[in-house]
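Input: a single structure, listed below in structure tokens.
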Amino acid sequence: MQEFPPDGQCTTRGALLSQKLGSQLVSTVVVAGASPASTAALRNSELSGKEQRAASRLHPPALPCQAAMTTAILEHLSTLSVSGQQLRRLPKILENGLPKMPCTVPETDVPQLFREPYIHTGYRPTGHRWRYYFLSLFQKHNEVVNVWTHLLAALAVLLRFWAFAEAEALPWASASTLPLLIYVLSSITYLLFSVLAHLLQSQSELSHYTFYFVDYVGVSIYQYGSALVHFFYTSDQGWYEHFWLFFLPAAAFCGWLSCAGCCYAKYRYQKPYPIMKKICQVVPSGLAFILDISPVAHRVALCHLAGCQEQAAWYHTLQILFFLVSAYFFSCPVPEKYFPGSCDIVGHGHQLFHVFLSICTLSQLEAILLDYQGRQEIFLQRHSPLSVYVACLSFFLLTACSTTTAALLRRKVKARLMKKES
């Protein structure tokens, strides 16, 4: 196998051509910066050249002249190319332009709190300045896919909603639009809180607890935001008549319970985590999902039994399927359980959970936008502006309760860590 020549050595025809190209480029620059007098001389030489070419048509030149003309044409074309050596140096130039980053470390070099089952390498060292953890967005480590999946999903949600609002001339001040706005806000919030958790949690043990508590607050906010739009835009009349009275209060309680359960499990149980930690996280979140998705499941089931023709119902179906797949990867450490150390950077279960949950959110967004467009008349028949305002006000009440719960447990964590250090 041939190796590239060392820098500064040109041993091939391509290298000789690169030298010619360089001289041609230099001559071009010189001409570009020449004085008017020299430019006029150059034009005269070009005119004399034209006269010579006219004479050559009467008396064809010899074959070496044709070869010289071919070389000249190649030299002119080569002004548009970049030498291979410059391309090879480009990654090195970019690398030198970025600040130096600490290397990732194996699991043995980080505290037990930061280790994940079956993930052996790719951990970021603790105790560095915040700047490093923000810049680690562009570093290869075992959290970077988790960060980018939800960061890109948040950007996609924002751009899709903005395009919809522009196309539909969305009435921002209308009561009928308020649940949609809260849903989009809750979606972007939970995605960005997840980004912060996975990006910054490695700074210290207190930061680890703090940002994961923030992540759990975002999840509870998103759960209730989803319940709002499912209730106001998606629910079928038969479901609405039976559950309208207690659905939103129950959804708010389950959202808070989900946040409280996750925060308490994080505070209460230490690694290696017992099964009770997963139960405290999954059971409240599962109850919230079952309740929040009930109007969607009812409508989708009726639609498919009747030979579904609604585009929104198909998006809702995808939403349910992708959520169930994501829940599986959240609950089970696969595939890394079967390939320990092989899925450290890309491919472990939590990354797949993020991917499928992002697709679930985007499918849900498309379904909700279609419901908002096509079911305005049903919305106006069922709901008064006052009922909409009260339901949306409870969103901010839930946010306050979840934030307070997370803050109280963070205080307990901080006291425990200070006692541990003393």
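Every residue, even glycine, has its Cβ placed from backbone N, Cα and C.
Among the features that TrEMBL reports, transmembrane segment is placed at 144-165 (among others).
Marked as transmembrane segment by TrEMBL: 180-200 (among others).
The annotation Zn(2+) binding site is assigned in TrEMBL to His198, His350, His354. Counting only same-chain residues at least 6 apart in sequence, those with a Cβ under 8 Å from the Cβ of His198 (Zn(2+) binding site) are Glu143, Asn146, Val147, His150.
Outside the transmembrane segment (212-233), and at least 6 residues removed from its termini, the chain residues within Cβ reach (under 8 Å) are 179-180, 182-183, 185-187, 189-194, 196-197, 201, 244, 247-248, 251-252, 254-256, 258-259, 262-263, 266, 285, 288-289, 291-293, 295-296, 364, 368, 371-372, 375, 379, 383, 388, 391-392, 394-395, 398-399, 402-403, 406-407, 409-410. Here TrEMBL flags 212-233 (among others) as transmembrane segment.
Positions annotated as transmembrane segment by TrEMBL: 245-267 (among others). Same-chain residues lying 6 or more positions outside the transmembrane segment (245-267) and placing a CB less than 8 Å from one of its CB atoms are 209, 212-213, 216-217, 219-221, 223-224, 227-228, 231, 276-278, 280-281, 283-285, 287-288, 291-292, 294-295, 391, 394, 397-398, 401-402, 405-406, 409, 412-413.
According to TrEMBL, the transmembrane segment annotation covers 313-331 (among others). If one looks beyond the transmembrane segment (313-331) by at least 6 residues along the same chain, the residues whose Cβ comes under 8 Å of a Cβ in the stretch are 234, 278, 282, 286, 289, 293, 296-297, 299-300, 303-304, 349-350, 352-357, 359-360, 363-364, 366-367, 370.
The annotation transmembrane segment is assigned in TrEMBL to 386-409 (among others).
Long-range contacts of the transmembrane segment (180-200) within the same chain: residues 130, 133-134, 136-137, 143, 146-147, 150-151, 153-154, 157-158, 161, 172, 207, 211-212, 214-215, 217-219, 221-222, 224-226, 228-229, 233, 354, 358, 361, 365, 368-369, 372, 392, 395, each at least 6 residues beyond the stretch ends and with a Cβ under 8 Å from a Cβ of the stretch. Sorting the binding-site residues His350, His354 by the number of other Cβ atoms within 10 Å puts His354 first.
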